[in-house]
Ligand SMILES: *Cc1c(COP(=O)(O)O)cnc(C)c1O
């Protein structure tokens, strides 16, 4: 068996058939914004390895921090012990996060960060005597991860609720905010989506612990950008009904939308925020759930007094070192100018796709560019074409999209946008 044959027979891949796995490439090395394959092809990464490699690959500052930490102390348990990388990262996170988010829970992956946030919400409600509040509200077309509670608040159609019916918690779903980012806001609740949220909270508010949503950008659920005013008003509705507000910024955090966090497009602060993906600059799996003092002190002030969660590898020093180095690059670098430049260039270079037959919409926000088709496009068909063009893209659903590393140079970005427009013309 060749290594690729072994892979095809024995290794599961994300959302991939095990019986008809389709083409899989052997990656051997990364450098800058490029992934090098065994056959000698170098591909410019338009995906940042699923939103994570914001500084490109093998950044010497991150590699150096991880190597130094590896020699000193790869891991210790976080129960009863702490360490400098965890403290340094916490300080950097607080300096960057919206004010009011102060209590950091380190965890293993985005999905776990969502589980932790949902558990915090339920335990907080319990601590203030709201023991009936064990359900959640969310907006349609969302994506929050693949573990059970996270999956229960994913879009009920694309989140495969029909397959897992019976095993999934039943949650409340409200309409996707209909007014797009950049469109004019309208006050009529029937037209701006808030009537749906208000009706849900009116009917079920007393059994809902929290509203969880992806602020501004719905990622894996459809690459849709919506109006910040929706969130300002949602905050007020949640407050009126005693419902906490959880922002899942796992995809949007750390500069992707042009602001440090998508929350920064709004005038409000959530009670709990979930961070992941880009937190280690794409080096390794790591995430964080950050709560307000109100949530943390509520949980601390009532039986059992401790938050009932604690992963084995919580606060792993290697991951903290990678994340600390990644945040230092953001805090000491010029990412805002770079993301603004990427936004302007993608907007200009993707615009011609609007005229192509089969293209429904073209939209750009920060370092996210989307060509939405009027039909589902096949990733398997797209791969050989984009590989030939030296660009790594992985369309899903009706969307041909890119979220390149912030360090992508204009020439490489033109190759990415060129490949996207080409794919829109042929798929
Ligand atoms: C990717 C993602 C998750 C899940 O993160 P994992 O690290 O894959 O578990 C959750 N929420 C959002 C918004 C995401 O984009």
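Each residue, glycine too, has its Cβ placed from N, Cα and C.
If you look up TrEMBL, you'll see 50, 143, 277, 310, 394 marked as substrate binding site. Around the Cβ of residue 50 (substrate binding site), a 10 Å sphere holds 16 further Cβ atoms from the protein chains shown. Residue 50 (substrate binding site) carries a helical DSSP state (H, G or I).
Residue 111 (pyridoxal 5'-phosphate binding site) has a Cβ environment of 21 other Cβ atoms inside 10 Å. The pyridoxal 5'-phosphate binding site annotation in TrEMBL covers 110, 111, 248, 311, 312.
Summarising the annotation, TrEMBL assigns N6-(pyridoxal phosphate)lysine to 277. Sequence-distant contacts (6 or more apart, same chain, Cβ under 8 Å) of residue 277 (substrate binding site) comprise 50, 51, 52, 110, 250, 251, 253, 254.
Cα proximity to residue 248 (pyridoxal 5'-phosphate binding site) (within 10 Å) is found for the following binding-site residues from 143, 310, 394: 143.
If you compare Cα positions, residue 394 (substrate binding site) sits closest to 111 out of the binding-site residues 111, 311, 312.
Within 10 Å of the C-beta of residue 248 (pyridoxal 5'-phosphate binding site) we count 32 further C-beta atoms, all protein chains included. Put plainly, the binding-site residues 110, 310, 311 were compared by Cβ crowding within 10 Å, and the winner is 110.
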